[in-house]
Amino acid sequence: MTDAPTLTTDVAIIGAGPAGLFAAFECGMLKLDSLLIDALDCVGGQCAALYPEKPIYDIPGHPAIAGAALIEGLEQQIAPFDVPRLLGRRVERLSGHRGAFTLGTDRGETIHARAVIIAAGAGAFGPNRPPLAGLDGFEATGAVQYYVRRRADFAGTRIVIAGGGDSAIDWALALKDEAEKIWLVHRRDRFRAAPESLRQLDEAVAAGRIEKIVPYQLHGLRGTDGALEGVEVATLDGDTRILPADRLLPFFGLSTDLGPIAHWGMDSIRSTIPVVPSSCETTLPGVFAVGDVAAYPGKLKLILQGFSEGAMAAHAIHPIVRPDTALHFEYSTSKGVPDRI
């Protein structure tokens with residue numbers, strides 16, 4: 001058995017979602033080397049794991065772009081810097097101080113870094129599962145799913161989508177032309193989503209492409225051997241209906257956990273890490289946080305804000321790694337992409 005490797009880098013980036021990938025790009029633009037570490041076995045974070053085919057509408061310059069396409073573009077952007085990755089690894093330990101950190105993974109690797117960027121999204125995440133009898137068996141066959149990776153997998157199916165927020169409505173709209181039938185179940189009469197999504201939902205309901213079932217909530221599953229034959233829904237008054245569906249997609253949000261990160265000595269609040277807005281530095285000097293995990297007054301949990309935070313963190317890190325080199329701000333149109341580090 002060989003010893004696990006020891007790696008050295010300027011900046012260790014924990015999390016390889018959009019914010020982490022762009023932080024690696026910004027480090028490269030400042031001629032800082034970086035290393036990406038992620039618990040998933042691929043880069044992309046939630047964009048890759050949860051909605052690779054779901055269109056994203058608020059990325060500047062892209063009227064609509066799928067999660068997978070966004071990640072592909074970010075990978076192309078960092079390609080000139082040949083950023084190494086440790087995928088399928090969880091960072092368990094962090095020790096040291098500003099300018100000299102040591103990180104340890106659950107696979108035994110040791111990483112020495114001058115600074116650390118935490119781009120861990122909401123940390124480890126998983127779906128909030130509905131409390132339904134026999135749920136495990138239907139999950140095992142794929143009759144109940146919490147993520148849509150390929151819309152084509154739902155062609156010709158009868159789908160119950162449960163939830164009242166953006167995810168439920170977005171997927172109802174995205175699947176309405178694939179599915180034979182879609183029921184959208186919500187325990188309240190009103191949905192909470194972007195105004196444009198609500199407008200499109202009203203159009204789809206009027207056209208008969210989606211049927212709203214309100215105010216109902218999930219009550220039971222019908223079927224044998226993991227084959228779903230119907231979803232039972234009920235009102236608070238006890239009125240029940242059976243919807244003859246063969247797929248159930250519950251969208252009740254994600255449960256999140258920072259895991260070991262919460263025990264590294266920096267402040268944390270409900271799976272987020274407070275940072276200085278101008279630099280994204282945490283209360284642990286030399287450790288920065290960007291993307292959804294970063295918290296400060298006025299924070300918007302948008303991908304594009306994570307991009308901005310990655311740039312701010314990289315610029316704040318430069319004097320830590322290159323204390324004797326002055327950093328003169330330049331536009332990328334002027335300096336281009338630096339040669340590989």
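Quick reminder: no glycine exception, Cβ is built from N, Cα and C everywhere.
Here Swiss-Prot has Q46, Y51, V91, F125, D292, T333 binding FAD, and the candidate from D38, D58 in that same listed site is D38. Between the farthest pair of Cα atoms in the FAD binding residues (D38, Q46, Y51, V91, F125, D292, T333), the distance is 38 Å. Between the binding-site residues Y51, F125, the minimum number of other C-beta atoms within 10 Å of a residue's C-beta occurs at F125. The number of other CB atoms found within 10 A of the CB of V91 (FAD binding site), across every protein chain shown, is 25.
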